[in-house]
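Trainee: Pulled these features from Swiss-Prot for this protein:
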ACT_SITE  His43  active site, proton acceptor
ACT_SITE  Glu69  active site, proton acceptor
ACT_SITE  His185  active site, proton donor
BINDING   Asn7, Arg18, Gly186, Gly207, His208  3-amino-2-oxopropyl phosphate binding site
BINDING   Asp9, His10, Arg45, His50, Thr99  1-deoxy-D-xylulose 5-phosphate binding site
SITE      Glu150  site 'Transition state stabilizer'
Amino acid sequence: MIRLGVNIDHVATLRNARGGTFPDPVAAAELAIASGADGITAHLREDRRHIRDADMPRLRALSAPLNFEMAATDEMVRIACDLRPHACCLVPEKRQEVTTEGGLDIVGQSEALKPKIARLRDAGIRVSLFIDPEARQIETAAALGAPVVELHTGAYALGGSEELERLRSAAGTVAACGLELHAGHGLTYDNVGAIADLTGLAELNIGHFLIGQAIFDGLGPVVRKMKSLINS
């Protein structure tokens with residue numbers, strides 16, 4: 001069965017638009033878990049534009065595993081090692097971007113990433129790397145000791161059969177390298193099926209669509225439907 005990680009960042013975006021504490025992303029996470037989510041994903045960005053530091057321990061205390069998305073900075077590594085979530089996913093981060101625009105270039109940053117990955121693993125945290133579906137990136141992830149890669153599906157979500165073929169090829173490389181395969185970004189009811197069919201896929205992390213669709217259908221029904229679709 002493919003696991004569904006629900007990203008609750010944009011509940012925090014809505015909260016922060018007015019200040020205060022409502023809507024509470026932790027309450028949304030609890031509802032997602034009760035509705036079948038296998039885990040919760042939260043991205044504590046350097047600019048704190050949605051998730052706040054105070055949210056993270058509360059999310060860590062929930063019954064489902066927490067996947068802490070983070071930039072590969074000394075500050076975030078320290079926070080993660082103190083928090084000790086189930087998993088950390090290292091992602092690229094630019095202050096001017098609206099959302100994560102591509103995968104982490106681990107080939108170009110391998111020397112800087114190696115000690116950070118080692119420190120997180122020494123803290124008992126499962127490390128994943130959010131990367132584009134390229135063989136060199138996947139092979140470098142394996143060489144760096146990361147047990148998981150999350151393939152960036154954003155280009156596929158924008159359309160194009162060529163992108164799906166890249167993802168299929170990448171899934172084969174992930175398997176050949178002995179890594180666990182995750183995927184995410186831009187996935188919806190309409191496009192998730194082909195990604196769920198990738199060979200060896202263990203987990204999907206989906207956020208923006210689920211929170212947006214929940215405005216119309218409610219978060220519980222949306223999570224249940226997505227969980228059903230990815231395992232049908």
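Sequential numbering from 1, following the chain as shown.
In case you wondered, yes, glycine gets a Cβ from its N, Cα and C as well.
Note that the coordinates shown come from a computational prediction; the quantities given were computed from them, not determined experimentally.
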Trainee: Show me the subset of Arg18, Glu69, Glu150, Gly207, His208 whose Cα is within 10 Å of Arg45 (1-deoxy-D-xylulose 5-phosphate binding site); these are the recorded positions I mean.
Mentor: Glu69
Trainee: Which of the recorded positions listed here (His43, His50, Glu150) have a Cα atom within 10 Å of the Cα of Asn7 (3-amino-2-oxopropyl phosphate binding site)?
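Mentor: Near Asn7 (3-amino-2-oxopropyl phosphate binding site), where near means Cα within 10 Å, the recorded positions are His43.
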Trainee: Please state whether DSSP places the residue listed as 'active site, proton donor' in a helix, a strand or coil.
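Mentor: SS state of the residue listed as 'active site, proton donor' = coil.
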Trainee: Between Glu150 (site 'Transition state stabilizer') and His185 (active site, proton donor), find the distance joining the two CA atoms and give it rounded to the nearest Å.
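Mentor: The Cα atom of Glu150 (site 'Transition state stabilizer') is 10 Å away from the Cα atom of His185 (active site, proton donor).
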Trainee: Name, in the order they occur in the sequence, the residues of the same chain whose CB lies under 8 A from the CB of His10 (1-deoxy-D-xylulose 5-phosphate binding site) and which sit 6 or more residues away.
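Mentor: For His10 (1-deoxy-D-xylulose 5-phosphate binding site), the qualifying residues are His50, Gly207, His208, Ile211, Gly212.
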Trainee: Please give the maximum pairwise Cα distance, in Å and rounded to a whole number, for the 3-amino-2-oxopropyl phosphate-binding set Asn7, Arg18, Gly186, Gly207, His208.
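Mentor: Between the outermost Cα atoms of Asn7, Arg18, Gly186, Gly207, His208, the distance is 26 Å.
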Trainee: Are there any residues in the same chain, six or more apart in sequence, whose C-beta is under 8 angstroms from the C-beta of Gly186 (3-amino-2-oxopropyl phosphate binding site), and if so which?
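Mentor: In sequence order, the residues whose Cβ lies under 8 Å from that of Gly186 (3-amino-2-oxopropyl phosphate binding site) (at least 6 apart) are Thr153, Gly154, Tyr156, Ala157, Leu158, His208, Phe209.
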Trainee: For Asp9 (1-deoxy-D-xylulose 5-phosphate binding site), what is the secondary structure state per DSSP, taken as helix, strand or coil?
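Mentor: Reduced to three states, the DSSP call for Asp9 (1-deoxy-D-xylulose 5-phosphate binding site) is helix.
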